[in-house]
């Protein structure tokens, strides 16, 4: 992967296939990923504190799934009752998750409906980044599964033992253990993510251990960018 990702401000916003074309500016793009419960969001916060511009794909997803176009497709596939009737929170996310993670086919259907909108919005935000300022960190759970890692100048992967991740999901998010394991099993494995990583962060110990690794990676990335 090259040091700099060149971005066409117009085409990136409209056509995700042409993210590398019509090069008008550049910004270092760092991809961050890890399985659910791995501690990826904690790492993202550390990068943001160090001055990286953060693009949170989960936050984008929460917004995009409630757009009229995406909602219509979700209702068509997963049922009218996923609508809440509440204008402020129109989607029953718990019910949608139960149905979407019930089978591989259902998960694929969810991804095919939501990923194009999320991807296009993500590319638009990347294209709007000022190349004169700090690098961009994109926090994306499915960075590897969607192939978006290939667009990044560096890929950072957070790993943790599945049992520890289940414990975190049960304790911190209130998930049922079986549900937590089902969600973990629907994602890429740590080995699959690590295979495309430039940096692998071990989050099997305490926060200080994790932070020390993060600071080392940040220092190296900023050193690369300055050359």
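Heads up, the Cβ atoms here are built off N, Cα and C, so glycines get one too.
Residues or ranges marked as ATP binding site in TrEMBL: 37, 38, 39, 40, 41, 42.
Where TrEMBL records a feature, it is marked here on the structure.
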residue : record           : contacts (Cβ under 8 Å, 6+ apart)
37      : ATP binding site : 160, 164, 165, 166, 168, 169, 180, 184
38      : ATP binding site : 158, 159, 160, 165, 203
39      : ATP binding site : 158, 160, 168, 203, 210
40      : ATP binding site : 32, 33, 34, 139, 141, 158
41      : ATP binding site : 58, 139
42      : ATP binding site : 203, 207, 210
Determine, from DSSP, whether residue 41 (ATP binding site) sits in helix, strand or coil.
helix
Apart from the site residues 37, 38, 39, 40, 41, 42, the 8 Å Cβ neighbourhood of the ATP centroid comprises 34, 43, 158, 160, 168, 203
